[in-house]
Amino acid sequence: MGCMSSKYADTSGGEVIQKKLSDTQTSNSSTTGSQNARVPVLENWLNIVLRGKPQNVESSGVRVKGNSTSGGNDIKVLLLGAGDSGKTTIMKQMRLLYSPGFSQVVRKQYRVMIFENIISSLCLLLEAMDNSNVSLLPENEKYRAVILRKHTSQPNEPFSPEIYEAVHALTLDTKLRTVQSCGTNLSLLDNFYYYQDHIDRIFDPQYIPSDQDILHCRIKTTGISEETFLLNRHHYRFFDVGGQRSERRKWIHCFENVTALLFLVSLAGYDQCLVEDNSGNQMQEALLLWDSICNSSWFSESAMILFLNKLDLFKRKVHISPIQKHFPDYQEVGSTPTFVQTQCPLADNAVRSGMYYFYLKFESLNRIASRSCYCHFTTATDTSLLQRVMVSVQDTIMSNNLQSLMF
């Protein structure tokens, strides 16, 4: 197996650390029989596409949204990954960092979507409580019907006091929170943890979403969207494509002439089911996709960059949801390499050990010895961290381009 060159942004001081790891042993990527039984089968069409590199790709009329530039020297960056890995959040961060950001009109539109995220999560939790024969606290039962009722919201209209009262009460309900903390088989939106802590502010009649509110907002990506940014006198064209299985047939229309591929993985997905398939595991799906993509000839000249994302959520859940329950070959190590410790200087060994374990899982899948893949631990909602990481990503892309010209 080929080695994987990893580049990390130090979250404490911004220093970039580069480390070259030797070939990993086969045991790093092995799984038990019971674990393999849960691995989803990659769609045949995607396997065929990734194994070959046809001369002509037939167009299916996929519409690319955004401001496209036609310059031959543009840097094309493709964001790939399974659903709910954080690709669209990266795009929103790029808008905040390298463009004017979000207008008041757009912020008011996000207000409606944030409301829908909260209500959808509560409906899912109420359904899970019913399936588990768990009741709300007696004083909160009256709010069940309020949440399950069909709701509509407009960008300029305040939320009703009735809905606020119900949401406020249920987000504090201890029995609902217990189901929430144990609901690894739920396709619960990660952002619900964040919005729970801001209910009073969100339901204020004058509420306008903040940058963080927008970054946490979950919107399913359908089709292909494009944003162009001017960075250091270079035009970067970022393509975000839907990660759920139903969207992957559209990926091929972005595969040609890719300068850099950013593959996103939700670290917090090690114990979560897929949004589109309750029997599938998010991390297993990501490993399967990465295996096919990083070894594909489509990207033989592209910089390969891996974002192990949602580190903040991973740190929160690793103590309440054991990794070994979902990945039986996992063993906590006594110490981790310096580059892992640098990423999480305040984290305990359980968190660092988990980070290193999943890093090695992805590292071991790169079977092309000549290909360097660069890895970053990220929290896509952390703007300052993403800014440092993106500086490193730009360096990686430019270095890869220079090597291509030389060889």
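Each residue's number is its place along the chain shown, starting with 1.
Quick reminder: no glycine exception, Cβ is built from N, Cα and C everywhere.
In Swiss-Prot, the annotation region 'G1 motif' applies to 76-89, one of the ranges 34-47, 76-89, 342-355, 384-397. Swiss-Prot assigns the feature region 'G4 motif' to residues 305-312, out of the candidate ranges 113-120, 121-128, 305-312. Checked against Swiss-Prot, the range among 136-145, 236-245, 246-255 recorded as region 'G3 motif' is 236-245. As stated in Swiss-Prot, the feature region 'G2 motif' covers range 213-221 out of the listed 96-104, 195-203, 213-221, 366-374. The most densely surrounded of the binding-site residues T88, N309 is N309 (count of other Cβ atoms within 10 A of its Cβ). For the binding-site residues D84, D190, D312, the ranking by surrounding Cβ atoms (within 10 Å, all protein chains) places D84 first.
Set side by side, the binding-site residues G86, T221 differ in how many other CB atoms lie within 10 angstroms of their CB, and the most is found at G86. Reduced to three states, the DSSP call for T88 (GTP binding site) is helix.
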